[in-house]
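Contents: one structure, followed by commentary.
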Amino acid sequence: MAGKARVHELAKELGVTSKELLATLKEQGEFVKSASSTVEAPVARRLREKFGSKSAPAPAKSAGNGATAAPATSATPATAAAAAAPAPAPAPQAPAKPAAPKPAAPQPVAPPQPAAAAPTPPPAASAPAPAPAPSAPAPSRPGPTPGPRPGPAPKPAPRTPRVGNNPFSTQQPVDRPIPRPQPRPGAPRPGTPRPGMSPNNMPPRPAGPRPGAPAGRPGGPRPGPGGRGPGGGGGRPGGPGGGGGGNYRGGGAGGGGGAGGAAAGGFRGRPGGGGRPGQRGGAAGAFGRPGGAPKRGRKSKRAKRAEYENMQAPVVGGVRLPHGNGETIRLARGASLSDFAEKINANPASLVQALFNLGEMVTATQSVNDETLELLGSEMNYVVQVVSPEDEDRELLESFDLSYGEDAGDEGDLEIRPPVVTVMGHVDHGKTRLLDTIRQANVREGEAGGITQHIGAYQVLTELDGNERLITFIDTPGHEAFTAMRARGAKATDIAILVVAADDGVMPQTVEAINHAQAADVPVVVAVNKIDKEGADPQKIRGQLTEYGLIPEEYGGDTMFVDISAKQGTNIDALLEAVLLTADASLDLRANPDMEAQGVAIEAHLDRGRGPVATVLIQRGTLRVGDSIVAGDAYGRVRRMVDEHGEDVEAAMPSRPVQVIGFTSVPGAGDNLLVVDEDRIARQIADRRSARKRNALAARSRKRISLEDLDSALKETSQLNLILKGDNAGTVEALEEALLGIQVDDEVELRVIDRGVGGVTETNVNLASASDAIIIGFNVRAEGKATELANREGVEIRYYSVIYQAIDEIESALKGMLKPVYEEKELGRAEIRAIFRSSKVGNIAGCLVQSGIMRRNAKARLLRDNVVVAENLTVSSLRREKEDVTEVRDGYECGLTLTYSDIKEGDVIETYELVEKART
């Protein structure tokens with residue numbers, strides 16, 4: 001049939017039920033679901049052959065020539081008419097050539113012979129062949145004698161062809177050899193042409209016919225030159241034999257070749273043994289060797305199963321994604337889905353769809369936080385490893401053949417350097433006063449509110465055992481908002497001095513300083529300060545610090561405790577001696593001064609006249625004027641270096657703190673400083689760090705909107721936008737972290753849209769006007785016409801000099817932005833005793849006030865049998881003895897109307913008012 005047949009159509013045609021046919025198809029490995037499923041043409045042909053052979057009648061032998069009657073189900077009308085001829089005339093025969101084989105009439109054959117045995121063709125046929133059909137006479141041509149046409153043979157049961165000779169087979173002979181089929185009684189002997197070899201009764205083929213191939217003639221094809229008739233006649237002497245079955249392609253069982261010719265040939269168009277000269281024969285299956293025509297047709301079940309197992313695993317929503325085997329994927333902070341897709345060779349759109357199905361709405365180029373990347377990776381069986389900032393920076397420097405944190409050269413190049421000491425402790429415990437006493441200076445008076453809000457770095461010359469020694473001191477803030485500054489100070493130090501007030505004891509920032517020092521693995525010297533004050537108890541301090549692992553030497557520990565008074569200058573020399581002894585005993589303080597300088601930016605600020613200024617502590621190497629430097633995302637060339645006394649420095653050795661002028665922008669506090677060969681390399685490193693920092697900040701600040709809380713996300717929320725300006729980078733960073741840590745309520749949100757170092761400029765005012773933001777100036781003022789522009793645009797600028805004042809006021813502003821919360825306050829209750837109906841105002845309730853007061857325009861609810869009938873009502877009118885009143889007290893009768901008419905006697909009216917409640 002021209003198109004694909006359906007199962008129920010084939011079942012009706014073959015005379016079986018659809019259920020039986022479905023079972024047969026499933027046994028053969030076909031993918032069918034119901035009686036409406038379609039069946040390919042080769043499968044339908046196989047089914048017709050199978051069920052047709054079962055229902056074919058038994059063959060009946062003819063009395064004259066031994067030919068059998070054709071089966072009624074498959075014989076064509078022309079073949080049936082030829083078989084019914086009573087006295088067929090013998091066909092005219094040309095003289096046979098000596099070398100041509102002479103096929104004999106079909107006769108019963110002996111039991112099957114081995115496959116390797118080559119059967120000998122019998123002499124010329126003595127039985128006459130049936131006459132051809134009148135509609136297509138076969139003219140006699142001079143040439144080889146065509147083989148006789150025996151009568152139609154009984155239709156054989158479908159046999160499995162040999163693998164090597166069947167180009168449509170889906171199996172290979174080396175995998176699963178197929179046994180040779182047994183010969184049938186009345187069939188031609190192997191090696192002889194099969195009777196009735198026409199395209200209508202050829203053996204079944206697993207694959208479909210070639211589209212557009214002409215159908216075979218009824219009665220068999222006309223024999224042509226070279227014996228190209230049914231079964232393949234003899235060829236020319238010395239030439240290749242003819243192939244059988246001109247309408248079939250591929251290497252099948254061909255006819256016998258001529259004497260001295262090639263072996264049995266194949267079908268037309270394929271090298272099958274007896275093809276054109278120069279072509280290789282394809283009889284590999286006959287000799288048990290692999291080869292032959294390429295495999296075609298349907299895939300085997302094993303191939304389909306392997307293909308199914310190798311398919312990409314689907315995830316939620318049916319999106320097909322790569323399925324990993326637990327591989328580790330390294331991604332930078334703030335990576336996008338496009339970066340992830342590039343690592344696993346996937347489509348970014350598929351990752352976007354997969355995240356949407358998981359409840360996250362992210363675009364392909366948007367920075368994604370670490371948790372989302374890890375969640376998506378686990379769905380695809382990947383382990384996502386977000387590269388830490390340290391590893392990321394190390395890989396960046398390695399790409400430029402640079403390294404940080406190691407001394408160049410060998411042991412002979414190292415020289416002794418001064419120790420770096422960080423003074424840490426709780427606020428107001430005397431850290432800056434101790435440094436003032438050591439430096440013989442007054443630093444504390446310059447700090448607003450008497451608390452340190454910067455990191456100061458100083459180098460002090462002291463004397464130990466008659467030898468002058470240098471000590472570098474770093475002063476850190478003690479306020480709770482400066483946690484990041486204390487952590488940076490601990491990382492850049494060799495020894496930590498923990499200052500504890502003898503009259504105050506261990507405080508929260510004291511414990512935090514201990515944790516920073518222990519995390520940085522630096523030794524600690526405890527200075528018990530304010531021993532001159534009343535109530536001072538140094539022994540109590542020693543006992544408290546024992547709980548945190550700082551055990552005094554007099555208690556058998558290894559921590560040195562020194563009782564001092566920074567105000568009186570008591571035991572300051574003993575403290576410095578303890579610092580130097582600890583450095584000599586516990587630390588190897590050496591560095592190579594001859595390499596390119598490396599250090600850390602302690603703090604940075606923007607100076608009006610000098611530009612960006614960074615306080616840098618040199619850790620190794622020597623920094624000179626003119627060096628190309630990079631610190632974080634800032635780069636430049638050293639134009640000038642100044643020490644803590646304001647004097648110019650040409651070269652800064654290890655452990656020397658200096659102020660560096662020449663950066664193009666303000667570096668971040670705690671950024672590593674590195675000297676490179678040229679400005680181009682410094683700019684490239686700074687640009688790549690800036691891009692990474694921007695992506696990481698975008699991923700952190702992106703508010704995750706999931707499908708579950710989409711409704712709440714779409715609700716109107718109050719947002720307070722801030723622009724932060726400060727005198728140095730560390731203070732701005734500390735202020736931002738402190739403000740973002742304020743937790744008020746989900747209804748209000750704090751957002752820092754811009755931050756910077758320096759005074760308030762007109763650009764800041766314009767940005768604040770466009771975004772409805774408030775400008776916070778910390779230790780800075782507005783520049784030029786910025787104040788006039790702010791007044792004209794209505795932009796609020798607030799100035800602060802103490803950090804906790806800014807935190808308190810911003811928190812109060814956030815609380816003021818909260819939506820008000822109302823609390824219900826009951827006013828009174830009244831029982832309806834009578835109902836009066838009026839055509840003007842409706843039902844009037846005559847009530848007796850049982851408790852409280854009834855007030856006009858008050859909120860009310862109607863209760864019936866203690867069940868609320870109506871809510872959110874209003875007392876629209878209130879009368880007492882025909883007079884309008886504003887309220888009626890307990891024990892009096894009144895008449896009132898409600899904004900609800902379905903009232904009954906015995907109902908209770910309860911009035912209340914909503915009082916705004918302060919939110920905290």
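One-based numbering along the chain as shown.
Yeah, the Cβs are placed from backbone N, Cα and C, and that goes for glycine too.
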- Query: region 'G4' per Swiss-Prot sits at which of 393-396, 529-532, 917-920?
  - Reply: 529-532
- Quick one: which of 415-419, 450-454, 690-694, 825-829 does Swiss-Prot have down as region 'G2'? 450-454
- From 425-432, 537-544, the residue range that Swiss-Prot assigns the feature region 'G1': 425-432
- Annotated range (Swiss-Prot: region 'G3') out of 27-30, 323-326, 475-478, 619-622: 475-478
- Report, as a single number, how many Cβ atoms besides its own are within 10 Å of the Cβ of D428 (GTP binding site). 17
- Message: Name the residue among the binding-site residues G425, K431, I531 whose Cβ has the smallest number of other Cβ atoms within 10 Å.
- Response: I531
